[in-house]
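S.K.: The following feature annotations were taken from Swiss-Prot:
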BINDING   Gly8, Ala9, Phe10, Gly11, Arg12, Met13, Gly89, Thr90, Thr91, Ser115, Thr116, Asn117, Tyr118  NAD(+) binding site
BINDING   Lys36  NADP(+) binding site
ACT_SITE  His147  active site, proton donor/acceptor
BINDING   His148, Gly157, Thr158  (S)-2,3,4,5-tetrahydrodipicolinate binding site
ACT_SITE  Lys151  active site, proton donor
Amino acid sequence: MIKVVICGAFGRMGTIIGEIISKEQDMQLVGGVDIKEGTFFGVPVVTSDKLADFLSSVQPDVVIDFTVAPAAAQNVPVAARAGCAIILGTTGLTQEQRKGIDAAIREGKVPAVISTNYSIGMNILWTLIRDAARKLSDYDVEVIEAHHRYKKDAPSGTARTILQILQEEIGPREEIYGREGMTERSSEIGVHVIRGGDIVGDHAVMFASNFETVTLSHRAYDRSVFAEGAVRATRWVFGKEPGIYGMKDVLNLS
């Protein structure tokens, strides 16, 4: 039985993940963490300042974090010191926060899966984008992403991963965020961010030449697609050797 604590228990993702785990035969939800205390699918939820003592009490195997960057930067080191495997889906981390998280995972000698998107489809799309970028390196490239009005980080973590892939394959290129006025295109990557309504997540990469346009895209219709991926990663990371993994490891993608 895999015992799980969810940080961000009352959030959109935390609630969906909690519901899924509560129905799994090989998993047990033992607690949650959020900015207010309460109960969550019949288990206690504590505030992050009590996390260390709480983990010592409930002894989870895996801690899942879908919070906000400042909270994750505090939660993950505490979980690593407690010897818990980690699933991190929080986006918007600064380089300094990510370095601190990575160091804590290594010092704690625990396994962790870190991804900006737990959708199986998006992880496959990332591999396709990398392959396309290698073969279409002289094409103009644009990245477009859209999310709900409440999303705090822009561009999204998923879009940042796309940009990282593109820079690795065809960079370095300047990233231009939106355009205004008379602007002649140079060697760059255009980035366009849309926020509105309750858009779950749309991402597209356009490769354009004078003769054709190739567009690779992914649309999530329900947040459950991310939650299911996170639960899959939870099952995978349990018992793994210490180290920092990605969803490509979970899905055995090259």
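Every residue gets a Cβ built from N, Cα and C, even glycine.
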S.K.: Given the recorded (S)-2,3,4,5-tetrahydrodipicolinate site (His148, Gly157, Thr158), which additional residues of the same chain have their Cβ within 8 Å of the Cβ centre, ordered by sequence?
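M.R.: Near the (S)-2,3,4,5-tetrahydrodipicolinate site, beyond His148, Gly157, Thr158, sit Thr91, Thr116, Asn117, Glu145, His147, Lys151, Asp153, Ser156, Ala159, Gly201.
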S.K.: Could you check which of the recorded positions Gly8, Thr116, Tyr118, His147, Lys151 is the closest Cα neighbour of Gly157 ((S)-2,3,4,5-tetrahydrodipicolinate binding site)?
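M.R.: Checked the recorded positions Gly8, Thr116, Tyr118, His147, Lys151; minimum Cα distance to Gly157 ((S)-2,3,4,5-tetrahydrodipicolinate binding site) goes to Thr116.
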S.K.: Rounded to the nearest Å, what's the C-alpha distance separating Tyr118 (NAD(+) binding site) and Lys151 (active site, proton donor)? Just drop the number here, would you?
M.R.: 17
S.K.: Please find which two of Gly8, Ala9, Phe10, Gly11, Arg12, Met13, Gly89, Thr90, Thr91, Ser115, Thr116, Asn117, Tyr118 have the most distant C-alpha atoms, given that the record lists them as binding NAD(+), and give only that distance in angstrom, rounded to a whole number.
M.R.: 21
S.K.: Sorted by position, what residues of the same chain at least six away from Lys151 (active site, proton donor) have a C-beta under 8 A from it?
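M.R.: Spatial neighbours, sequence-distant, of Lys151 (active site, proton donor): Arg195.
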S.K.: Between the residue listed as 'active site, proton donor/acceptor' and Thr158 ((S)-2,3,4,5-tetrahydrodipicolinate binding site), how far is it from one CA atom to the other, in Å?
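M.R.: One finds 11 Å between the Cα atoms of these residues.
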S.K.: Checking your reading of the structure: which of the binding-site residues Gly8, Phe10, Arg12, Lys36, Thr116 lie inside a 10 Å Cα sphere centred on Thr158 ((S)-2,3,4,5-tetrahydrodipicolinate binding site)?
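M.R.: Among Gly8, Phe10, Arg12, Lys36, Thr116, the ones whose Cα sits within 10 Å of that of Thr158 ((S)-2,3,4,5-tetrahydrodipicolinate binding site) are Thr116.
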